[in-house]
Every structure is written in structure tokens, then in C-alpha cells.
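Structure first, then comments.
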């Protein structure tokens, strides 16, 4: 049988570091970034697969060392800047590398208050919430950059409804005008290259605070809408969230949400003569709903 290699990529996964940034005016005033990096290369590596010829391979250990050295010697805030630095480095250094994929997952460490003000160098790790960026960059100059919030777990004990849905002979779900709504937020926004510029302009956008500002806006919109909207459905609420982000962030091309609907079932205590007025629930580990959507701006109609 005749075969051919149709695609390949390789690199280093789970490269972890924590970097401390000290204020030049007050070294005790510090910021920290804990991150996990994946960096994958593609290009002229076919013979390493098809002919067992390793001469073209940049060892994955070299990829790991490069990530750590650049984390030490360059500015890494925000993570979109560092992703662009890594991607351009590998394309510039190795002529046979035609494309680079970089994913950076940043843990959420937040300063906590002591005597009413944030402490200079003490932090709380806020659960499993992550800030993420993904960059795919090609030697031709084409790239796709996205940013995300993941595993931001939220719950509200009222202010959510679900009724008026399709019913058939398989339907057992009862309509409700008052229920618990809980989810693990996974929100991703894709940047508009026309607004950002080339991959080398990502650093300029970072200097202007664009990436941090949109991250903060997306997080605030998500939390505020979740809290204040009397949600008719997860579908309607996530569409409203995405629309608001697009209205605020002119440099964003699209916004996607993936929201699991984590179920809490009312516990029946009638056997004990007790009415359960939406007070005691069972947190169901599985199964759960999963709702996804992507929202983009409407193209302007040409006259």
C-alpha cells in the first residue's frame, strides 16, 4: 500500500513557569504571572517522519528552553504579546519552519487586601479560572489570534426561567419561571487582523492596553449580564453577552461562548411533610446541557 504524509506538527506541551515583575521604584511591589505554554512547529520536517531523518528536527527540549529564556528576557504581559514573540522567534530563527502555534494559559492570581488596601506582593489564586490566548502564525504573515476566559464558575439562585420549549413524547422536563442557573464560562473572542495589523503590531496593541481592556470588558459583561438579566434561556443570555462585547470592542471580529448548563434538582421532601420552596437542591454531576454560539457583526449592506 502506498501512503503519504498529509500533515504534521510537533513541539513542547505543558511548559510551566511563574514570573515575578518588580516595580523599579519599589522592588517590594510586585506582579506575578503563572502560565502554561504549548508551542508547536510545522514546516520542512517531512523526512523525519517518512525517512527517519532527524536532521531537520528542532528538539522539543530546545523549544522548551526557548520558551523559558524568552520568558526571562522579554516582556510577557499580556500573554498575547508573549505568544507573538514566541511565534515570530521560531519563524525568524529556523528557515524551514513555516508555521507556529502557540497557546498560553494564565492562572488568575489576584492581590488581596490587608488593612483595606491590596498587599504589594501577596496573592489569592482564584479557583480554576484561566485567561488564554491562541496564536497561529505562518511565514507568509497570515495569523489568527484569539483570547479567552475559561472555567469561570458562576451560579445564581434565582433570576432564570425556561419555558415555551418544544415538547414531544420524549419530553419529561417541566417548565419553570424560577430556577438555579450555573455554568463554567468558556468565552473566546477572535481578533480582527485588519484592526490589529501584522503579527508584529500585536506588541503595539499590547502597549495601548487593548488586550487587557477587552479581557476586562468581556469578563465584566459576562458577570454583569449573568447577574442582572432575568434569563429566559442560556441561549438568549449568551447571545446578549457576545453582542455587548462586540459593541464595546471594535478590534474583535467574533465572540464565541460554550456554556454547560449545570443542573441543580429540587429535592422532594414531601414524604416528610415538608414543602421545598426552591431552598434545597441536589447538585447533579451529570449529565449537563451544553450550549454554544458564535456571534459576529453584520456586514454593512452596500448601496
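Just so you know, the numbers here start at 1 and follow the chain as drawn.
Cβ atoms are placed via backbone N, Cα and C, with glycine included.
Keep in mind that what you see is a predicted model, and the values were worked out from it rather than measured.
The following features are taken from Swiss-Prot:
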type: ACT_SITE; residues: 12; note: active site, charge relay system
type: ACT_SITE; residues: 60; note: active site, charge relay system
type: BINDING; residues: 60, 61, 162, 179, 234, 235, 261; note: urate binding site
type: ACT_SITE; residues: 263; note: active site, charge relay system
Integer Cα-Cα distance in angstrom, residue 261 (urate binding site) to residue 60 (active site, charge relay system): 39
Sequence-distant neighbours of residue 12 (active site, charge relay system) in its chain (C-beta under 8 A, six or more apart): 37, 38, 39, 60, 61, 63, 64, 67
C-alpha spacing of residue 263 (active site, charge relay system) relative to residue 162 (urate binding site), in angstrom: 13
CB contacts for residue 162 (urate binding site) [other CB atoms within 10 A, all chains]: 19
Reduced DSSP assignment, residue 179 (urate binding site): coil
Between residue 234 (urate binding site) and residue 263 (active site, charge relay system), the C-alpha gap once rounded to whole angstrom: 12
Cα separation, residue 263 (active site, charge relay system) to residue 235 (urate binding site) (Å, whole number): 16
Between residue 263 (active site, charge relay system) and residue 179 (urate binding site): CA-CA distance (Å): 10
Residue 179 (urate binding site): tally of other CB atoms within 10 A of its CB: 21
